[in-house]
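Per TrEMBL, these features apply:
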BINDING   CYS8, CYS22, CYS25, CYS31  [4Fe-4S] cluster 1 binding site
BINDING   GLY62, LYS63, GLY64, GLY65, VAL66, GLY67, LYS68, SER69  ATP binding site
BINDING   CYS235, CYS238  [4Fe-4S] cluster 2 binding site
Amino acid sequence: MEEVPQGCPGTGSAQAGRGASCQGCPNQRLCASGAGAAPDPAIEEIKEKMKTVKHKILVLSGKGGVGKSTFSAHLAHGLAEDENTQVALLDIDICGPSIPKIMGLEGEQVHQSGSGWSPVFVEDNLGVMSVGFLLSSPDDAVIWRGPKKNGMIKQFLRDVDWGEVDYLIVDTPPGTSDEHLSAVQYLSAAHIDGAVIITTPQEVSLQDVRKEINFCHKVKLPVIGVVENMSVFICPQCKKESQIFPPTTGGAEVMCQDLKIPLLGKVPLDPHIGKSCDKGQSFLTDAPDSPATLAYRSIIKRIQEFCGHHPPKEEHLIGS
């Protein structure tokens, strides 16, 4: 379907194709016929494809620049440290794909096989897929409207041959837009374990995280918990803590208490994280004794425990 006008009653409404706002819409005839209400056949195809993936985790953030892709990458690295754990990292930040750079895979290309697209592997047990692999240059801008983004996400979920995977981590763009709705809709029949939401301590970030949590509730997406990134800076010499982003309203801790959402942990600000990401290396192995590494490992353990206590079952998320 093409883009819809403001005030669209929705394909499932009795007014679909008949309301005043439907006049002039390119989808009017389709909606009035009832065909627009039919479920996307890709949902069942993706459900079948995802039978080989045990756990699916969405990483969300309300704002950009809070370290969501960095967290996604290190969650993947941390899980893949166990050689018996197969990990897949899917980057659906279509307009700002930073995962290839963070994972040290810039310049890599996607190859087609008889069973679909082959992911690019960092290690034997860590595969990655991103729209960044489809660009001729990392500086190329992706200027796409919603339907084309949705089509790309559908293709990633349906056509990538991940094989047998223990964890699929989906790195999303900031906010609550087309990409998020598409991921939830297409994975609706395949069971999503839940979402990990990344924030920084200041209220300007928390404000958007509350919207993100509201989005999760509306689409019935479980919230695994919140991670407060860049919580404090710990001086490597004197070990004194400094608040670079002051938690003027109590930070993620108070917000999580108010909303009854688990706080998975707080990751201190460490300049070496940015350096590791720019080099395409795992910070967890570059700085194993850093307080930030210890925080990451604690958070990863809690996510594993959550997934272990919530075995796969068929879910009916909104959008399915």
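One is the number of the first residue shown, and numbering goes on along the chain from there.
Note: Cβ is positioned from N, Cα and C throughout, glycine not excepted.
Please treat TrEMBL annotations as automatic predictions, because they have not gone through curation.
Of all the Cβ atoms in the protein chains shown, 24 others lie within 10 Å of the Cβ of VAL66 (ATP binding site). Listed in sequence order, the residues SER61, PRO174, ILE198, THR200, SER205, ASN229 complete the 8 Å Cβ shell around the ATP site centroid, once GLY62, LYS63, GLY64, GLY65, VAL66, GLY67, LYS68, SER69 themselves are left out. Of the listed binding-site residues CYS22, CYS31, the Cβ environment within 10 Å is emptiest of other Cβ atoms at CYS22. Candidate binding-site residues: GLY64, SER69, CYS235. Nearest to CYS25 ([4Fe-4S] cluster 1 binding site) by Cα distance: GLY64. The most crowded of the binding-site residues listed here (LYS63, LYS68) is LYS68, judged by how many other CB atoms sit within 10 Å of its own CB. The Cβ neighbour count for GLY64 (ATP binding site), using a 10 Å radius and every protein chain shown, is 13. Straight-line distance linking the Cα atoms of GLY64 (ATP binding site) and CYS238 ([4Fe-4S] cluster 2 binding site), rounded to a whole number, equals 31 Å. Comparing the Cα of GLY67 (ATP binding site) with the Cα of every entry in CYS8, CYS22, CYS235, these being the binding-site residues, the smallest distance points to CYS235. Long-range Cβ contacts of GLY65 (ATP binding site) within its own chain (separation 6+, distance under 8 Å): PRO174.
Distance noted between the C-alpha atoms of SER69 (ATP binding site) and CYS238 ([4Fe-4S] cluster 2 binding site) is 30 Å.
For the pair formed by CYS8 ([4Fe-4S] cluster 1 binding site) and LYS68 (ATP binding site), distance between Cα atoms is given as 32 Å, rounded to the nearest Å. Separating the Cα atoms of LYS63 (ATP binding site) and CYS235 ([4Fe-4S] cluster 2 binding site) is a whole-number distance of 27 Å. Taking the Cβ of CYS235 ([4Fe-4S] cluster 2 binding site) as centre and 10 Å as the limit, one finds 9 other Cβ atoms among all the protein chains shown. Taking the C-alpha atom of CYS235 ([4Fe-4S] cluster 2 binding site) as reference, the shortest distance to any of the binding-site residues CYS22, CYS31, GLY62, VAL66, LYS68 belongs to VAL66. Calculated from their C-alpha atoms, the gap between LYS68 (ATP binding site) and CYS31 ([4Fe-4S] cluster 1 binding site) amounts to 37 Å.
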